[in-house]
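Working notes, beginning with the structure itself.
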Amino acid sequence: MPVKNRFAELLPEITAWRRDFHENPELLYEVHRTAAKVAGLLREFGCDEVVEGIGQTGVVGVIRGRSDTAGRVVGLRADMDALPIVEQTGAAHASKVPGKMHACGHDGHTAMLLGAAKYLAETRNFDGTAVVIFQPAEEGGGGGKAMVDDGMMERWGIQEVYGMHNMPGFPVGSFAIRPGPMMAATDQFDIVVTGKGGHAAKPHDCIDTTLVASHIVVAMQQIASRNVDPLKQVVVSICTFRTESEAYNVIPQTVVLRGTVRSLDPGVRDLAEARVKAVAEGIAAAHGATVGISYIRGYPVTMNTPENTDYAVAVAQAVSGQVDTAVAPMMGGEDFSYMLNARPGAYIFLGNGDSAMVHHPAYDFDDNAIPFGSSWYAGMVESRMPAA
Ligand SMILES: [Zn+2]
Ligand SMILES: [Zn+2]
């Protein structure tokens, strides 16, 4: 099973869809044009069922194989949303919408899964049911969770689910994956430090809030270096330090700190949350200040089920022969994690070559990767549900 010949034939058509999505980026759940085009194409392909409005603006297509002797159902997922970035690629197919851009390659993911759907609807060379999932709001909106919460897994009886993301820095036509954690849990926190404001020339009459907040920022670095097992990973980054005053001579009453915690292990996640709170509270108390802490848990760890990772590797090997099976996990978040929490499955990287990194204004999805990505999606269905 090398790259399927059909995808070489379909490449101009899939590329045209990809560039059309690229020219017309939409954010979060507002992917109305994209979702309508996806649903229209799925109907044109002859999918047995096409349902819009799952998880607000998600689309689900159902393709039944030639036979269904074992009641098998495999889900394939792509994401549809873009980012609020001003594009600087200079490409002929650059964004026509100022301030919005497909800078994460979701245009490519959607087009590749559409290509796979077209092929699967033509050939139906499998025993069971393929469910193609197009989700909104991957970039911070939890669209994957919204689709799961809408009962998608139960409604279509999805038994296992597979996702893919392009990755700059890996050769086009190559894949990378690992069993276990692939992407991080992403949590965020706000800490409001309250001291006693006053005249900067009379610090002894104040509780210096900027000093207290500074101690908190420094001490937070010890969570990674002193609290978490050195063989496990955590990131604690404080990204906002905001005083209420911009004066040269006022000790502010409050300082707001904001940051993010990234982890790959549930125990580390719990420990980091507890330590963020204890460090902030303890340091504030030692200085006579107080803190208010809001800690919000975001996307869970994207956890590849080992068995399903092996299946994904086998198909990737057959498609390209270039598969890194022990890629390092990344500390970014991914809301396919909610689908992997609901069902076993795997998430794989597809090389995007020497392009700018995702989320950079000069990034562009490499259309040469399309035959590999579409072949992998289709190959997952044919290999997990071989024709009877
Ligand atoms: Zn992204
Ligand atoms: Zn992305």
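Cβ atoms here come from the backbone N, Cα and C positions, even for glycine.
Record check, TrEMBL: Mn(2+) site residues include C104, H106, E139, H359, and the candidate from H165, H199 also listed there is H165. When the domain 'Peptidase M20 dimerisation' (189-281) is classified with DSSP, helix, strand and coil residues number 38 helix, 32 strand, 23 coil. Annotation for the binding-site residues H106, H165, H359: lowest Cβ count within 10 Å of the residue's own Cβ, H359.
Compared over the binding-site residues C104, E139, the count of CB atoms lying within 10 A of a residue's CB peaks at C104. Excluding the listed site residues C104, H106, E139, H165, H359, the same chain places D79, D81, L83, A103, G105, E138, V358 with Cβ atoms within 8 Å of the centre of the Mn(2+) site Cβ atoms.
Only E139, of the binding-site residues H106, E139, H165, place a Cβ under 6 Å from an atom of ligand 1. When secondary structure is read from DSSP and collapsed to three states, H165 (Mn(2+) binding site) falls in the strand class.
According to its DSSP assignment, H106 (Mn(2+) binding site) is helical.
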